[in-house]
Amino acid sequence: MGQVFLLMPVLLVSCFLSQGAAMENQRLFNIAVNRVQHLHLMAQKMFNDFEGTLLPDERRQLNKIFLLDFCNSDSIVSPIDKLETQKSSVLKLLHISFRLIESWEYPSQTLTISNSLMVRNSNQISEKLSDLKVGINLLIKGSQDGVLSLDDNDSQQLPPYGNYYQNLGGDGNVRRNYELLACFKKDMHKVETYLTVAKCRKSLEANCTL
């Protein structure tokens, strides 16, 4: 009986520590999701503003080109649809999100479109991406328990953006800006989806469908 009473404080402390870790994990997930939602909204606004400066024919032509082209981050292996996203583990979704955010660290500093919103927010976007990357890395460390490291991720090395856009021709600047903004919007939507699903899984909610 005495041994049981001695074990009770240890079990209580362990329970409190576990609850504290779970609460901290949820707090980090909430911050990460809120930040990527803000980035996604900013990306959508910048893309819409840039489209508004184009003539209708230009907009249609660029949209056709973009649908046939690829984003630089497409080399990062990620779920192809909602079903695959829901089947992916929390750790896998976090790793993909980390790589996607990482892929925008340099391009976010080199966007030089003639758009007042972008000029005002370029530094802010870079800072938010950097903060989000740190936050996702903390979530990965809290989720992996030594199972997988970032170096073990099967994502390929991203090609440099300079090479990606070097052969765009005379209208390359407009096309480059359009593709960068469209890809940024697309990738922030991906990260928002992945982090939202991962957060839901960690909260043990009954329904995490997209």
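Backbone N, Cα and C define each Cβ position, glycine as well.
For 1-22, the entry in Swiss-Prot reads signal peptide, with the evidence type similarity to another entry.
When secondary structure is read from DSSP and collapsed to three states, His38 (Zn(2+) binding site) falls in the helix class. Using a 10 Å Cβ-Cβ cutoff, His38 (Zn(2+) binding site) registers 16 neighbours. Swiss-Prot lists His38, Glu192 with the feature Zn(2+) binding site.
Sequence-distant neighbours of Cys183 (disulfide bond) (same chain, 6+ apart, CB under 8 A from its CB) are Cys71, Asn72, Ser73. Annotated disulfide bond per Swiss-Prot: Cys71-Cys183 (among others), in sequence order.
The disulfide bond annotation in Swiss-Prot covers Cys200-Cys208 (among others). Sequence-distant neighbours of Cys200 (disulfide bond) (same chain, 6+ apart, CB under 8 A from its CB) are Cys208.
Other C-beta atoms found within 10 angstroms of the C-beta of Glu192 (Zn(2+) binding site) number 20, with every protein chain shown included. The number of other CB atoms found within 10 A of the CB of Cys71 (disulfide bond), across every protein chain shown, is 18.
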